[in-house]
Amino acid sequence: MRVHIEGALILDSCSNPAYALNQSLEFVRDMIGSSEASDYVCNDGSNPHSKSSSKKKNVVAVVGASYCSVTVQVANLLRLFRIVQVSPASTNADLSDKSRFEYFARTVPSDDYQAMAMVEIAIRFNWTYVSLVYSADEYGELGADAFKKEARKKGICIAIEERIQNKRESFVESIDNLVKKMQPDKKVGARVVVLFVGTEYVPELLKHTAERMKLSAGYKKKKIIWLASESWDRNNEKYMIGQNKLAAQGALVLMLASQKVPSFDEYLLSLHPGTEKFERNKWLRELWKSKYKCDFDLPLGTAENRCEDARQTSDNFHSDDKVQFVIDAVYAIAHALQAMKSAVCPDDVIEKSWISRYSKKPDICNAMQNIDGEEFYQKYLLKVQFQDIVGKNFRFSPQGDGPASYTILTYKPKSLDKRRRVLNDDSSDGSDYVEIGHWSENNLTINEKELWWNDIDEIPFSQCSLECQKGYRKQMIKDEQCCWACSKCEDYEYLTNETYCEACELGWWPTEDRKGCYDLSVAHLKYMRWSSMYSIVPAIFAVIGIITTLFVIVIYIIYNETPVVKASGRELSYVLLISMIMCYAMTFVLLSKPNTVVCAIKRTGIGFAFSCLYAAMLVKTNRIARIFSQATLSARRPLFISPVSQVVFTSLLAGVQLIGSIIWLFVVPPGSRHDYPSRDQVVLTCNVPDHHFLYSLAYDGILIIACTVYAVKTRKVPENFNETKFIGFSMYTTCVVWLSWIFFFFGTGSDFQIQTTSLCISISMSANVALVCIFSPKLWIILFEKHKNVRKQDGDMLNRRFNFNEPLRNIKKLREDFLGIPFIRYNLSTPHQPYPILSYVVYNDRPHIVHEKSERTTGSRGSGLYGSTADEPNQYTALLAADGKQSVRRFSHTISTTSSAQDAFL
């Protein structure tokens, strides 16, 4: 589109709202006069006209201003006359309020978008605790309000707010507060300061910051990180003066996304004093004086700077960043007028007469003679779309705002080494603004490689409190959203949010990130593993026991017909040995993975194995007790002492346990379940509590007690048949083992491995005790004292003369020979006398003296029994009767006998 502008009314606001308002009245005054004249008619019927000779300044739109405070005042005035206003720089959020500024538009975005961008940058770097500094004007206050609103949504806290005025006292006090809140000597603190201040405030702010923090070249401590709005002027030389540069280094600055306009820069570079283009612009002289510190109209050769000699070059010239937006504002008005002309003046072919009412050409179409501002704004201006001078697509938002797009810059030293350290600490060394990112309507991109944080590699920390470690919750401090103390959650708890811990269900455990729970039975189900030492040790123990027991069984089978094997009761001995193997085998059941079969065997097998073992011992001790008890009363053999009877009694006693266990299986069917000894363990175990298992062993305990009682009762049985002594020792030891196991088993209930291992070893120990105590003496005789494992017949056992006048060594031999007569016990009264020897024998619990031959002896030679009566020999001979036949034999020179008690065992 070709646009021809034949004139423009340009007024300077001087960045002063009151002055700008007066200037606006300059072209509004004509509008007032025009409005008043239209209400009158002359006497001759003609329209009245102004007496002023000046031309009416009929304005269709106003471009400006830059400062928000100026723009607001001008907008309030122009709206009264429905004059459209388009600002190329004012970002005040209130200007989007169409109830107040219904004819206002701008080619830049609202500060609401800038606040959103700044909050997203803070979130990106996890800056949740920041300070806020804003100027005491509409730009600062409205920008600060927008930032606080967005910060609350994202959980960012404001450590301190400082509202500053352009006074030294205000700056000093504000900087002191900021430094104090930053806590330079601590990691935590509000290091980041958000800036919403006018351009003129920034140099003083940087200056006082450098002074109060005593910044100098090479300063390595924490510095304030500025997060500044677009009012930070990167072309302002005052920002780079002295220590100001040190305070500014590391700052993040938002700039309105704009590009250089090459044609405009080229035009400005062509301007220099003396040319027509320069002289017709009255403000260029003021610009030259200010920029080059010179004066005009000085004579040639003067020592002072002459402005006529100053020239702009690409090195010393930087155009304003908002040039693009000024051009966009002019283009937007031109496109709106073009659209209006096409709509209301379709037959008008004159291209350049409609642009402005100030045009000297009166030949614009009648429909555009008096443009209604509201219609022009709503129907044409807000709907324009075009490609601007730098090639970007432009359009207004429904609120009349320009596209929301920002460029993010950082100010950093130019000379950095490979480790991003400053090469030159000289404060005069150059620094520059580097583009590091872009924000466009919630889309943030940042190149972190280009960032520089005052000689530190990590992102600056700006938080009130350190993040809690994994497994800790935030305990919020009252009235402080971003400040907290860390409180540890229990090991079994997970974090439902940052401030609340909740316990996982039984059998579940927190995940590694503590944000949920997982099922322990899936990945960490525990049961006895064969590879564990808790399984290997009892298994080895059991295997050794089984091998040893099998060895004893083999020996017994080989020597099955020998007196020692017969005397021990072969049938019950085999029952004992098989019971021991069953006990050892229970170790492998207990170490197996629990299931229905394993749990059934566990509940029946352990009790049944023990009942077989202790039932056999009970029957054996009962048999011995009845045999010798009967022998003192009668020569008859006791009833039910045959091997078959003993096996039957043993089976009946063990059957009670088996029947009880089977009933238990029907009442509580076997199976496995998950047990929870602690919150972090899931153990696969059988579905009965531990104390129920103890109940199942109560019957075995009764057998042990009964067996122990019989062992005590038969402790005086003669030595050769005193097997009950070993059974008694076995029972005493078993009682100790069982009592120790009960306390250990229930005392370690929280550790199923120790519990199971102790049970396995206790069962094996019970079998070991019985095996060693009962069978080791017999194995010794069978394997190493074979001369004792021979049945002595009548006339062979003790067919010799005994002379009690023999020396002591022969008396000892005598005792060895008398081992075949179990009811005789020898006690030597005078062990140190070689002869005569005085001793005695005991039977029927009464002592009888034995000494050298005397006239009172029954024979002419040998020794006799003194103290005997007529009745005593009957009892004596009853015990000596062989095969149940009474044979009266006196104790004389020659003794030949076989014990009926011995035959009972054989």
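In case you wondered, yes, glycine gets a Cβ from its N, Cα and C as well.
Check TrEMBL against the ranges 115-135, 241-261, 724-744 and you find transmembrane segment recorded for 724-744. Cross-referencing 331-347, 603-619 with TrEMBL places the feature transmembrane segment at 603-619. Note on the transmembrane segment (571-591): residues 528, 530, 535, 538-539, 541-543, 545-546, 549-550, 552-553, 556, 565, 598, 601-602, 605-606, 608-610, 612-613, 616-617, 619-620, 643-644, 646-647, 650, 756, 759-760, 763-764, 766-767, 770-771, 774-775 of its chain, located 6 or more positions outside it, place their CB under 8 angstroms from a CB of the stretch.
The stretch in closest packing with the transmembrane segment (640-667), judged by the count of Cβ pairs under 8 Å and taken from 603-619, 693-712, 724-744, 756-783, is 603-619. Contact counts against the transmembrane segment (603-619), taken as Cβ pairs under 8 Å, peak for 693-712 among the stretches 536-559, 693-712, 724-744, 756-783. Within its own chain, the transmembrane segment (536-559) is flanked in space by residues 530, 565, 570, 573-574, 577, 580-581, 583-585, 587-588, 590-591, 757, 760-761, 764, 767-768, 771, 775, 779, 782-783, 789, which lie at least six positions past its ends and keep a Cβ under 8 Å from the stretch.
Counting only same-chain residues 6+ beyond the ends of the transmembrane segment (756-783), those with a CB under 8 A from a CB of the stretch are 528, 534-535, 537-539, 541-542, 545, 548-549, 552, 555, 559, 562, 564-565, 568, 573, 576-577, 579-580, 583-584, 586-587, 590-591, 606, 609-610, 613, 617, 723, 726-727, 729-730, 733-734, 737-738, 740-741, 744-745, 748, 789. Residues of the same chain lying 6 or more positions beyond the ends of the transmembrane segment (724-744) and with a Cβ under 8 Å from any Cβ of it are 617, 620-621, 624-625, 694, 701, 704, 707-708, 710-712, 714-715, 717, 758-759, 762, 765-766, 769-770, 773-774, 777.
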